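Trainee: Here it is: the structure, laid out below.
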Amino acid sequence: MMDGVEGGTAMYGGLETVQYVRTHHQHLCRENQCTSALVKHIKAPLHLVWSLVRRFDQPQKYKPFVSRCTVIGDPEIGSLREVNVKSGLPATTSTERLELLDDEEHILGIKIIGGDHRLKNYSSILTVHPEIIEGRAGTMVIESFVVDVPQGNTKDETCYFVEALIRCNLKSLADVSERLASQDITQ
């Protein structure tokens, strides 16, 4: 881990990327919290990946643990969504607020404000960046978070659990995006 980003930050863009990560993925982490960031490289163009990520009202399009989502009001900054979680996880619902949606910089920020789970004071930032993978348009996705460490758990246990969820979401995002990109190429 370099500057809290798995896989390092200097690989794509050098110092510019390090500065970008420090600017957009810096979370104020209190004593009882943990924070981390993960990187996923996707073999699909940015516009396609962003079209999935930006849909605050439809996280189930790529998040495998979401069965249903209801947005209260229009999907704009400050909007709330009620997410139903599939069985098998230690939760059934999560109430989340859209904190940031920047279509020019490709930044999405979400804060969990309720639900029947242990992710208290959870806040995440997801950014999407163009890159070239194997000579084609690709996308680098960075997702960072901060969350309270539940009583009875360690920082390492909490980070491990949240990182596992994010890895699943990012893998699914890559699978869906790459499938859609291959359909675009063949059509």
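Note that Cβ sites are derived from N, Cα and C of the backbone, with glycine treated the same way.
Pulled these features from Swiss-Prot for this protein:
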type	residues	note
BINDING	Lys63, 91-96, 118-124, Glu143	abscisate binding site
DISULFID	Cys29-Cys159	disulfide bond
DISULFID	Cys34-Cys159	disulfide bond
REGION	27-178	region 'START-like'
MOTIF	87-91	motif 'Gate loop'
SITE	Pro64	site 'Involved in ABA binding'
SITE	Pro90	site 'Involved in interactions with PP2Cs'
SITE	Ile110	site 'Involved in ABA binding'
SITE	Thr154	site 'Involved in interactions with PP2Cs'
SITE	Val162	site 'Involved in ABA binding'
SITE	Leu165	site 'Involved in ABA binding'
Trainee: Let me know the DSSP-derived helix, strand or coil state of Thr92 (abscisate binding site), please.
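Mentor: Its secondary structure by DSSP: coil.
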Trainee: Would you pick out, from the recorded sites Pro64, Pro90, the residue whose Cβ has the largest number of other Cβ atoms within 10 Å?
Mentor: Pro64
Trainee: Report, in whole Å, the straight Cα-to-Cα distance of Lys63 (abscisate binding site) from Leu165 (site 'Involved in ABA binding').
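Mentor: Per the Cα atoms, Leu165 (site 'Involved in ABA binding') and Lys63 (abscisate binding site) stand 9 Å apart.
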Trainee: Which secondary structure state does DSSP assign to Ile110 (site 'Involved in ABA binding'), in the simple three-class scheme?
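Mentor: DSSP call for Ile110 (site 'Involved in ABA binding'): strand.
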Trainee: Cα of Ser123 (abscisate binding site) to Cα of Cys34 (disulfide bond): how many Å, rounded?
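Mentor: Rounded to a whole number, the Cα-Cα distance is 11 Å.
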Trainee: Report, in whole Å, the straight Cα-to-Cα distance of Cys34 (disulfide bond) from Glu143 (abscisate binding site).
Mentor: 14
Trainee: Tell me the Cβ neighbour count for Ile110 (site 'Involved in ABA binding'), meaning other Cβ atoms within 10 Å of its Cβ, over all protein chains shown.
Mentor: 21
Trainee: Should Leu119 (abscisate binding site) be counted as helix, strand, or coil on the basis of DSSP?
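Mentor: It is coil.
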Trainee: Using a Cβ cut-off under 8 Å and a sequence separation of 6 or more, which residues in the same chain sit near Asn121 (abscisate binding site)?
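Mentor: The answer is Gln33, Ile112, Val146, Val147, Asp148.
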Trainee: If one looks at the chain holding Cys34 (disulfide bond), which residues at least 6 apart in sequence have a CB under 8 angstroms from its CB?
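Mentor: Sequence-distant Cβ neighbours: Val146, Val147, Val149, Lys155, Asp156, Thr158, Cys159, Val162.
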